[in-house]
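Here the structure is laid out as C-alpha cells; the discussion comes afterwards.
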Amino acid sequence: MGSGNGLCALSLMSLLLLFSSAVSLANAKTQYHDFVVQETKVTRLCKTQTVMTVNGQLPGPALEVNNGDSLVINVVNRAKENVTIHWHGVRQITTAWADGPEFITQCPIRPGGSYTYRFRISGQEGTLWWHAHSSWVRATVYGAIVIRPKEGDSYPFTKPKRESVLLLGEWWNANPLDVIREAMRTGGAPNVSDAYTINGQPGDLYNCSSKDTAIVPVDSGETNLLRVINSDLNQQLFFTIANHKLTVVGADASYVKPFTTNVLMLGPGQTTDVLVTADQPPARYYIAARAYASAQGAPFDNTTTTAILEYKTAPCPAKGSSSKPVMPSLPAYNDTATATAFTTSFRSPRKVEVPTDIDENLFITAGLGINPCPPGAPASTCQAPNNTRFTASMNNVSFALPSNFSVLQAHHHGVPGVFTTDFPAKPPVAFDYTGNVSRSLWQPTRGTKVYKLKYGSKVQIVLQGTSIFTAENHPIHLHGYDFYILAEGFGNFNPATDTSKFNLVDPPLRNTVSLPVKGWAVIRFVADNPGAWIMHCHLDVHIGWGLATVFLVDNGIGEMETLQQPPADLPVC
C-alpha cells in the first residue's frame, strides 16, 4: 500500500512539474515585428538630410520582451544600401544564422530584398540593443531591446516606479556612409561627428535643438530605472545626471552587485541599468554625456549632449524667463582614472561558476597599425601620417571580410577558399606591447583567418592593447557569448604577477569589455554555442580597418548543441 502511495505521489509530482514547465512555456510568447529599412528625411542641427532608418524612426523601434520570449522579425530593405541587423548581446543559442554581422553569419540584405530573423531570448534580463552591422549604416539604424523578467518573476531590486531608455548616439552633418567612404579612399581617419545625441536628439547645447530635447519625467521621492545604451559609432562616453546619484544594477543584460556612482563610462556596444531616486528639490536637471577620449592627440567630437530629468512638481518659470536646468560637471575628456574606477567596480551579484582547467589559452593583441602607400598610388589616397594608410589588427592579422559567402555558410557547407583556420593563438612576435614599438611591427598581414574551438572547450583570452601609432581604450565585443571579466590592468600583461589579480569568485558577466588604454583585460567563457562568432572592436572605424577575428565553434552532441539548418530565405551574396 505504502509503495503504491509513493508511486502516486511521484506521478503527481511529475504531473506538477510537467504542468509548471508547460505554464512557463505558455507564458513565453512569440513576437512578430516588421522592420522596414528606408530612406527618411531627418532634421538635426538646423539641417535636413536623408538617412537610413527603421520604420521612419530615429532611433528605431524598441523591442520589449520577457526572458524566454521568441522573436520573428522580418527585415525589408527599401533603401539604396545593403543592410543586416545584429541583435547585440543576444546569445543566439544554435541560431547563429540570425546573428546578423554581414559576411560573417549571412550575406547582406540587398536593396529590395528581405530576411526574417528568428531567435529566442534565453536566460537574459536587462538591456540589450539592435543595430545594423553593415558599413556605417548603424549610425542611424539602431534601437533598444528591453528584456524584463519572465512573467511572475521580479527584479532582484525594488520594482521601479517607471523605466526610461536612453540611447546615446552620434550625428554627422553628412551621410555617415559618405564619411566612411571618404576615409577609406584617403586612408586617413574619418571626420569626427558633429554632435552626440540622447534618443536621437542632440539637446539644448547645440543649435536648433532645444525644442526636441529628450525629457525624462520623475515624481519626487520615486525611484526609476534608466536603461543607458551607448549606441555611438566611435566614441566612449561619460554619462551623468546633475545632483543625482546613480545606482548600477545591471549591464549587458546581466544583473550586477549594486554600486553607487556619480558617473558612468560606456564604450560603444555597452549597456548599463541604473536606479535613480528623485530625492532633490523639484526642478529640472541635465542628463549629460560627452567623450572619454583616451587616444592621445587623436581628434574627437568634444561637444556635450543633454536630456532633462524633469520633476513633475518643478515650479513653472515666470512669464518671459526660462529656468535653465541644473548643469552637472563631467570628468575631463582624458580622465582614465574615473573610467577605470567605474569599470573595475562591477561584480556579479553572487558567487559564479568561473571556467577553470582552461583548454584554450589565447593571448590576443589589439590595436592600430599603418600600411605603406601602395606603389604608384596618388598621395591623396595615403593621408595617414607620413604618407601611409591606417589599418588595425589582432595578433598582427588585419581581418578581411569575405565577399562571395559568409564565413558561417562556408563553414556549414564546406566551401573552400573563403577563410583559413590559422589565426594565431598568440602574437607572432613578442614585443613591448605598450612601449615604443619598432616600426618593423607596424604593418599587419591581411587575411580572413579564423580560430577553431571544440564544443564545450573552456577558453581564456588575454586581450592586450598595443601602442602602435596611438594607444586607446578599445570596446571589444564577442558575438554569441557572454564572458566573465576576470581582471584588467595597465602595461603589458605579466602572467607571473597579474594572474594573482584574477577575480574567480564574482566577476561580472558582459558581452563587451573596455580594453584599457595601454593595458590588458582577461576574459573567460565556455564555447557552448556552435557557429561563427566575430570578436571585434566596437569602434566602427576600427572594425572596418580589420580589428577583428572570428571563432568557429563546432557542434556538440544532439539537437540542443547543434547549429540549426540555414533558413530558406537566407540572403545570397
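Sequential numbering from 1, following the chain as shown.
Glycine is no exception: its Cβ is also placed from the backbone N, Cα and C atoms.
All annotation found in TrEMBL is predicted automatically rather than curated by experts.
On the 0 to 100 pLDDT scale, the domain 'Plastocyanin-like' (37-151) averages 97 in this prediction. Per TrEMBL, domain 'Plastocyanin-like' is recorded for 37-151 (among others).
Positions annotated as domain 'Plastocyanin-like' by TrEMBL: 164-313 (among others).
Counting residues of the domain 'Plastocyanin-like' (422-555) by DSSP class, helix then strand then coil, yields 16 helix, 56 strand, 62 coil. Look at TrEMBL and you will find 422-555 (among others) tagged as domain 'Plastocyanin-like'.
Residues or ranges marked as signal peptide by TrEMBL: 1-28.
With helix defined as DSSP H, G or I and strand as E or B, the domain 'Plastocyanin-like' (164-313) counts 14 helix, 73 strand, 63 coil.
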